[in-house]
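Peer 1: One structure follows; several queries about it will come next.
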Amino acid sequence: MTTSPLLDATGVAKNYGAVAALRNASLSVLPGEVHALMGANGAGKSTLVKILTGAIHADAGRVLIRGETRDIRSPAAARRAGLLPVYQEPSLIPDLDVLSNLRLTGTPVEPFRAWVRELGIPDLDLRDTARDIPLAVLRVLDLARALAVEPDVLLLDEMTAALPANLAEKVLEVVRRQGDSGRSVIFISHRFVEISALCDRATVLRDGETVGVVDIVPGVEEKIVELMLGARIVKTKMAARPTGQAASTAASRPRLSVRNLRVGTKLNDVSFDLANGEVVGVVALEGQGQDELFAALAGSIRPSGGTIEVDGQGVKFTHPSDAIRAGIAYVPGDRTEALAMQRSVHENIALPFSAALRKWGPIRVHKERTVVASAIARLQIDTRAQGEVQRLSGGNQQKVTIARWIAANARTILCFDPTRGIDVGTKQEIYKLLRELAGLDKSVLFYTSELEEVQRVCDRVIVIFGGQVVDIFPVEEADEPALMRAAYGLPRGVTADVGILADPTSHPSQTPEAAP
Amino acid sequence: SAEGKYTIGISNTVQGNGWREEMICAMKAQALASGEVTKLNIAHRNTDAAGQLEDIRNLISAKVNAIVVNPADPAGIKAGLEEATKAGIVVVAVDQAVTEPSAYIISNNQEQYAYLGAKWLFQQMGGKGEVFYMRGAAGASADSDRDKGFKKALAEFPDVKVAQEVFTGWQQDQGKQQILSFLATGAPFNGIWTSGIDNVIVDALVESQAPLVPVVGADNAGFVGQLSSVKGLVGAAVTNPGSIGGAGVTLALQILNGKKPAQQTVLVEPQLWENATEEGKAKLKAAADPSLSPEWPVSISIPDWTTYTKEQIVACKGPGE
Amino acid sequence: MSSSATMPQPVSFGRRVKRFMADRPLVPLIILLILLVVILQILRPGIVNERWIANTIKFAIPLAILAGCQTMTMLTGGIDLSVGTVATMSAFIMATQIVSQDPVVAFLLAMMPAVLIGLINGIGVGVFRVHPLIMTLGTSLIGTGCLQVYQRTVIASGAKIPDFLNWLGTGLTYGFPNALLLFVPLAVLIVFTLRRTGFGRLLYAVGDNERAARLSGVRYWQVITALYVISSLLAGITGLLYIGLIKAPSLSLAEPLVLPSVAAAVIGGTSIFGGRGGYTGTIIGALILTVLTTLLTILQMPEGARRILFGLIVLFVTAAYLRIVEER
Amino acid sequence: MTRFFRNQGWVAGLFALFLALFVLTKLIQPGYGSGDFGSLVRAVLPYAFAVAAQTVVVIAGGIDLSVAAMMALTSVTAASMMNGASEEYALFVVPFVLAMGLVLGALNGILIVVTRVPDIVVTLATLFVLQGAALLVLGAPGGAAAEWLKASIVGTLPIPGLPDSIDAWVPKALVLLVVCLCIIWIPLRRSKLGLSIYAIGSSELAAFRSGVPVARTRIIAYALSGLFAAMGGLALTMSTGIGAPIPGPYLLASVAAVVLGGVALGGGKGGLLGPIVAVFVLRLVRTDLTLLAIDPNVTAIIEGAIMVAVVMFGAFITIRGRPAGAMP
Ligand SMILES: Nc1ncnc2c1ncn2[C@@H]1O[C@H](COP(=O)(O)OP(=O)(O)OP(=O)(O)O)[C@@H](O)[C@H]1O
Ligand SMILES: Nc1ncnc2c1ncn2[C@@H]1O[C@H](COP(=O)(O)OP(=O)(O)OP(=O)(O)O)[C@@H](O)[C@H]1O
Ligand SMILES: [Mg+2]
Ligand SMILES: [Mg+2]
């Protein structure tokens, strides 16, 4: 290559006590390049981004910017050097309004406004307090704030993970144009579609080390996966759905039956059934009421109308513990909402055991240890840093949130975007797990922001738009274009004229290929 | 003789201490017994000079006829007292002096209090040896006045040394812990002077089977009882009557009725009751009152100044209650 | 996955010591305690004898129990500033009621305000979400006022310290303070509760992430109400023990213990922000503070200088301790 | 408009409460007039500065337990320096004492940043240190204040063009308070520094990642707190004419007023106006209790109950006011 790199990091290492987050990472980004940073959960991607942007200090390593050694000691210094990150977690100040947030970082307002519009949010009020803005929008604002100062290198850590498809689309578009205009982007994502659509090259990390740099060409995905996982080959092909077993569900009573559910103004009229042994997908654009649906089913908020029946019995949840008693567990998409970050993996998994008043007494240590250990094994949680959950990587934290309910043996699991920010290997494990749960006659309600997941996991899909169920697909008709159209509230094409209560048992024998 | 015609305001800045509680009760009882007071307006809380200024000004707003005040600081409330006098309110300071010249003062003589007790103690010690000096709260004006008296006595006995000087903060637990720590050091000492944290000190000596050296304290019910009941204990109680509050009310009423005292300042001289002589023992016997809370001083009345009965002060009811 | 822990790494002796202490955070605290005792012994040779130790323990116990209240409330991100008032109320009521009542009745009467204040605190914090600092401060003001009103009604009847409390508070058996008979089971119970019971686990979880606890089915108000009632009960028991030790009921008996109890919990490694800490450290913290107080009493210096030294030492100890523990 | 009410509703409510109390006061004591209002403001003065000192650090996500001790130290320093000195000398004393507050406050901040010990512990330690220092400066209450200083909070400020009847309601103390607070607060609130203080209180991590110099901002917040506390200390000396080394009841009062004033103890929210109005409310309640000649022991109960009730009420309306369907 003739051009010299804009950013060149070599031999970066970072230890957290006994855990080596990075051991020997290197990354070289050319001007005008969209460069993917890839790796399994816990490979050290976020850590590298934090080091490059001065949020933490490396133990070793050298960073050159335009050929000059720069010691980036603080985010402000990184900003001056032209490096701007969008971290995995939103970094707007929650109690300040957007305008003040802009002033704080010295971001020019007009360009910011333009970018926000460009990124698909036309009606942002700059006087809104950040705390009141939904997560997905916050991520976009973070990005717009970075774009507004026209950075030389933009570092996006799983920018698209929490975004609904429509917003993600816009982000990709904008990022692509960054590359075209001579600026570089470091792009972290677990979604291969995005990588291949967007990136020029990819650096692959494994266990804190750079194990390869590849050009993105068609078909390179296999190689990347190989590099990413090393010896840990993707052995988990999609488990075939046993057809016979699901058949019984149609006959019996539904596990969960929702009728005309309303929550405030967000959720207007939702009705559907969830059978035993069934995985029902929920597809919706950002903010169509899916959050409220899940929260209401989890007992987290009170619905303002409609009925919920569990096993044919009408229920009213006033607190999540009511839902849990009815066997319904909720896995929120935002893991900071679900985990006690300073506590151990073990305690986090065992937390529901002690919740009820009658379980406040002595803990049956041995029994508990067995249950927890088996849940950890089941989800293959990387327990190197298990003393405190906050030291786990994002993906492993996500697994803990699910493991908790596996251990508690919940009959119905409400998964809100459980694969958000999870690497391909782990995603497969989670798909498999959900199918296994279904096999054990448990039922799963599964919201996902990645449409392709629907095909892999669900028996049926309900599409929510404007707080209403606009369509229900059997899985075999739920291809991405159809789902997308429905999610935007467009009527279904003539070809897909199947009854709403299509028989979910008539599965095609075809199973989608494992990723990539 | 007449039905009540005056309202009297009271300001006090230490709450939850037996001595001050007795002072307040004496004020109430005296106001009731005098029959001349329709209403007492009491500001009674833990605060500093600035807070007391606030209370005094509130009392001025309430248009009381007289204010009886136990000053948080002699100089710090001068402005407020001056404003009160200007508003035609009679001001009487009790327990401690104030610097405002227009105010009348009826007070226990704190310097004399310390001097009297210390002198007796040093005599008991035979004019030599080590004394454990347990003061009150660091920075309090009553404490520094007493320190003056103590130092005066000390100067008269050149062979008496201070083994250790501590501030009890007038808190019982702290005093007890300090004496126990001191005892544990095994350092020799021949007498203890305390600024009113006395009965816990005797307890500590007894519990740890330490030699019972002479102890000087105040006339708190607990300590006075111990002086008669604890075998082998030699000690003296110096009176520091909380009933001075009743005297303050009497003085205020006298002034309101046009009977001004000859001087602005009336000092109530402390007495010393010791158990080394038969005469002293008799005084102690007469004074002891086990029915009182151990923190209350036993001298619940002051001859010539208070007219209430014991029942009245113990009931702690003011006019209209 | 390979773990970096297996990487050959030359580890210096100093680092190993630090690592060792970080894994056992009690060790540096105990070392510090011993250090203080040694300094005391050097300053006043012969002071550290059986009597002194018994004495120190006697005074450390009430502080340690109140610090236990702080530890537990701090685990949930709270604080209980009403413990001083509650202890004082129980002590005062016990001492005055025993004169005319059956001991059991007097005991029940003495514990009543503890339960009541604990309940109000718990409901205020747990249901109405009032900040614990404000809530407990408010109830302690209210409690003090009530105690003063009560005091006037009993002033005529006098007060008495029950013999049993006297024995418990000041007595020694084979050189050991009798108070240990109360304290040891209590301490074991608290440690066990925090480590091995569902309730203890919920305290940590609620303090760490209340929303997560809620989503796991934990009812916040139940946990918090139970917690503050327990804290108040402990404070009430401390009051009874303390009156046996001091033997003079007053209206501000246990107030001076409140700030030190917070300091003891903090020195013992409990995070004031919740989710982190334990009771064993707190016990050592209480001992350290008690010894420190003795040390400063012994030093012949002006009161002002003594306070300065006290503040500096507390700060230094906490900072050093944090450094060591962070090494993990 | 709705946004204004959402943000300022609490302050507006407090202000209404103050007015209602004022009317009540007039009913209790029809003679309550401008002179009495002047007394109220003078009583408010030290509390107001204490609460300002507390507000700044609470907004920055901290707490300052050393406020009252800082006031005591600056007060005794000022009083002892002015003792026996000329009137003009006070012109030098005032800036010196203010600078001292600023520096000592900054020291608080530096200790917090450097030792990484929680602020509540650091300021607890400095509370003892400052108290000790105050005792070293003046062993007992004493000292003096320049006459012009004392006069500067007595009486009213004649404003040209204003009728006397209105003028009488503008006590000098109020003018002094407003000027001192506004000179610092308004420019601060508008500056990037002010934003940064809110930012670190709201989310330290997010602030750091937004490029806010967290350590420096925290130190400045504590320095400002020290400055306000020094003003409070001066106010004490001005009103009493002396300095007292034992801290007054300003610490707990400041925390209570901060919370009553709508500043979240977690940080990042609220302003200075609310807590200041809260101080006025609390002082006026005190006045009313005195005017009503309520049993003094009951006043403690009432003050505690008001504090708890108002905060509970606040919590109650926030729970109720939460839009339906919002995530709790
Ligand atoms: N503060 C910390 N303390 C201890 N260990 C940490 C800490 N932060 C990160 N780690 C460890 O460092 C490793 C790399 O974490 P990092 O967050 O960089 O992973 P990642 O590649 O971004 O993963 P993901 O895709 O799940 O977000 C993980 O093993 C994690 O447990
Ligand atoms: N303390 C515990 N330790 C480990 N596992 C537990 C514990 N408590 C409950 N579980 C597991 O969680 C699941 C559901 O528990 P739940 O309390 O709802 O059932 P349960 O019938 O009440 O249990 P039990 O009969 O053991 O009290 C069970 O699989 C149980 O084994
Ligand atoms: Mg990451
Ligand atoms: Mg991730």
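Positions of Cβ are set from backbone N, Cα and C atoms, glycine also.
Straight from TrEMBL, here's the annotation block:
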TRANSMEM  C:26-46  transmembrane segment
TRANSMEM  C:81-99  transmembrane segment
TRANSMEM  C:105-128  transmembrane segment
TRANSMEM  C:133-151  transmembrane segment
TRANSMEM  C:171-194  transmembrane segment
TRANSMEM  C:220-245  transmembrane segment
TRANSMEM  C:282-302  transmembrane segment
TRANSMEM  C:308-325  transmembrane segment
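Are these features on the surface or tucked inside, and what are their neighbours?
Peer 2: Distant neighbours of the transmembrane segment (C:26-46): 20, 267-269, 280-281, 284-285, 287-288, 291-292, 294-295, 298-299, 317, 320-321, 324; these residues of the same chain sit at least 6 beyond its ends, with a Cβ under 8 Å from one of its Cβ atoms.
Through the fold, the transmembrane segment (C:81-99) approaches residues 62, 66, 69-70, 105-107, 109-114, 117-118, 121, 133, 136-137, 139-140, 143-144, 146-147, 150-151, 154, 157-162, 165, 231-232, 234-240, 242-243, 249-258, 261 of its own chain, all at least 6 residues removed from its boundaries and within a Cβ separation under 8 Å.
Residues 78, 80, 82, 85-86, 89-91, 93-94, 97-98, 135-136, 138-140, 143, 146, 162, 220-233, 235-236, 239-240 of the same chain, all 6+ positions outside the transmembrane segment (C:105-128), place their C-beta atoms under 8 angstroms from a C-beta of that stretch.
Proximity of distant same-chain residues to the transmembrane segment (C:133-151), defined by a Cβ-Cβ separation under 8 Å and at least 6 residues beyond the stretch ends, is recorded for 79-82, 84-86, 88-89, 92-93, 113, 117, 120-121, 124-125, 251.
Sequence-distant contacts of the transmembrane segment (C:171-194), counting only residues of its own chain at least 6 positions beyond either end whose CB sits under 8 Å from a CB of the stretch, comprise 50, 54, 57-58, 61, 64-65, 68, 71-72, 75, 200, 203-204, 234, 237, 241, 245, 278-280, 283.
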Peer 1: Apart from its near flanks, which chain residues at least 6 from the ends of the transmembrane segment (C:308-325) lie with a Cβ under 8 angstroms of it?
Peer 2: 18, 21-22, 25, 28-29, 32, 263, 266-267, 269, 288-289, 292-293, 296, 299, 301
